[in-house]
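Structure first, commentary second.
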Amino acid sequence: MASPYGSGDVGVKESSPFMNGGAPAPRKRSKWLKIGLPAAIVVVVILAAVLGGVLGSRASKKNKDGSSGADPKPGSAEATSLSSERAAVGRFATATNSAFMVPLYPSTTNTAVFTTPTISSSVDGWPNDPFSPGTPSALTTRTDRPRLFAPQYKWDALPNLIQNDPYLKAWNDTIFGNATTYLSQPPVVYFMDGDSGILDNAREVKERIKAFGYAYRLTKDKKWSDRAWTELQNAAGNGDQPFGPATDRWNTNHFLDAAEFSAAFGIAYDWFYDVFSDDQKSQMRATMIQYGLQPGLTVFTGAATFGWWATGVNGNWNCVCNGGLTVAALAILGDDTTGVAQGLLGHTIDNAKDNCVKGPSTDGTWSETANYWYFGTTGHAEMASALMTATGSDYGLFDTNTNFELTGLFHMYGYGATSLFNYGDHGPNKFSTTANCMFLYADAYKRPEYALFQRDRADAAEPWSMFWYDPKTTGAYWNGAELDHFFDDANDQWASMRSSWTDVNALYVAIKAGQNRDHQTHNDLDVGDFVLDALGTRWAGELGSADYRSPDYFTSGAQDAPRWKYYRKMTEGQNTILIGQANQNIQANPTVKHDSSGTKQGSSTVLDIPKDSTAFWTTDMTSAYDGASSVKRGIRLLNGRKQVLLQDEITATGAIQWRMHTNATVTTSGTSATLSLDGQTMQVSILNPPTGAAFSTSEAKRFDSDPTPPAPDQENPGVTVLIISLPAGTANLQVLFNPQWPGMAASDYVTPKQVALDDWSLTSHN
């Protein structure tokens, strides 16, 4: 039998599309390769595993409606068939797209394993945890080690599961490959990145410790624990290179840094507990308490100036800070004679329940942005998992906010054919931050589609996946999934519409309204903003974060805040309507209306869309503009989801501009524009054009008349703004997007009739 522990020479990093695996660098130096990717462009190779080769050759065992029948009984012929099918198919994705790092699925008809998402009783899974206290207490931990994330019973079961599950096997190989790569690298170099502090350092150390700890626990080879100790000594300031000031090595003023270092040390303390000496563990406790836990305790018991995140903050800061402190406190609880760990656990859980768990709104949308969802949910999931494994309960972290269950849908529908609907700020480099909370949430909320969606993603291969993923999860996430979803919380209000879940060339539109406030100062002034994917690329995209080190970037979200002077944050830097060259009103309260034909994808990765399949979304966003008496926007899918109509109805006292940012090469001719990108073509036209309406273009930069920002804007090389300019008055703009689909003749495209937005319905354009 081949070793389940990896060869140690894979040397390939399977990373998040939003993670820079190289050394941290000042954010302002980043280059933009694609709209839709953050400032931290990936510079690492993606594992494109081709583990299946028989996907199209099997007859369907499903009912006619595409749903699966009863789960096969263990030991039955059907159960044996299911196991053999899973082994033959391997991973559903056959590769990872190199440009956007999204999974590529085979073009195949129904296959026996592409069933409705479910938990199968006929597949081997995790044994029951022998630790099951009747009355759990956060101050009473299991007696065996490890106690965090993966107790020993899971390590004991893992080798067999690796042998029999293609996802676990591939992830295991990648983790060992990453650990081997880290083994030969020098310790993380201290780098103070302005207002972002040393957060990149902290998360990179945590990423390495997780990999070293995983490799050690499966092999018991001390080369992994020795290398981990070198990394820990360095981050404690006891290495061969300086690591911050001796009084505050973990930069508590930017407490995210201290929290992530605390988590890294807590993981190491627990996972290397049997190999580190008492002296080593004593040193680690002293370091954690001095630079992380004691300062953290003062947030709750004193007047710490760095504790703003503990009061009324429902974003990622609260989740990450409480999560890191909890992980570290649980790791040393019982060994700590100072009482700091015990004291912290008396505060962090309740504080997280008052704040962190409110990150998702009533529709599951994360309160900050789609990218900050990664940071917030990672902190939340790590905290909940550590508490469950160490003490036997999550203490309400999963269900205090009954809407938390929906945040997995937010992530799924926020992902287009190429990448996220990545409005607002992206955040710092991801490193140890992933979307693997989806595995934990799949189990907590009995939503197997969450795990099935995440397991094919590029950031899935890391230690948490090995223990949060349930190998009994079977089926395809797309089987039965609606193509459209609408998110209606007043703070968010956005729509996700697509033509397929599994075709990288699919049409995808996402558009938002929502408030221009209450997003933890990570939003843009962007009511009406949209993105558009088709033909394997993103045609209308987001510019993302500006330079986090720019003066006053986070100081305020008020109407006159310096933040709104930076191009990437102001209204003209978004794909929306600009009136009088002025920013939108921060007090905007749009309303929305929408409907969908309710089309669902079946078990096949090939979806034949009916001609009448459609969806639309409209918003009255008048409240976002001071220089207008009426501004309405609507978007709908046409012609069996092959075309997109974007319509605006405007009455304004200021000059009107329709703006869209694109990486495409743009050629304009009056009311028509041709966009060329990645060897594909998009035709854009103005239907029933108002007098004087025509396309023009500009560079993605501010007007000369704009107020000067506190620091120069980032440049946006390769980005063109497609523009329609009109004078003040009343205008009705219909912009039609026609991706030039292979094999589709000009006569196959439709020209929709003009219908007022208030009269839109599912049949209004028939």
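Here the Cβ of each residue, glycine as well, is placed from N, Cα and C on the backbone.
Not measured: the values here are computed from a predicted model.
The predicted model assigns the domain 'Heparinase II/III-like C-terminal' (499-692) a mean pLDDT of 97. Annotation comment: TrEMBL describes 499-692 as domain 'Heparinase II/III-like C-terminal'.
Positions annotated as region 'Disordered' by TrEMBL: 1-24 (among others).
Residues or ranges marked as region 'Disordered' by TrEMBL: 58-83 (among others).
As annotated by TrEMBL, region 'Disordered' applies to 695-717 (among others). Non-local neighbours of the region 'Disordered' (695-717) in the same chain are 28, 31-32, 543, 546-547, 550-552, 562, 565-568, 570, 572-573, 581, 661, 666, 668-673, 684, 686, 723-725; each lies 6+ residues outside the stretch with a CB under 8 Å from one of its CB atoms.
Annotated transmembrane segment per TrEMBL: 35-55, in sequence order.
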For the region 'Disordered' (695-717), residues assigned helix / strand / coil by DSSP: 0 helix, 5 strand, 18 coil
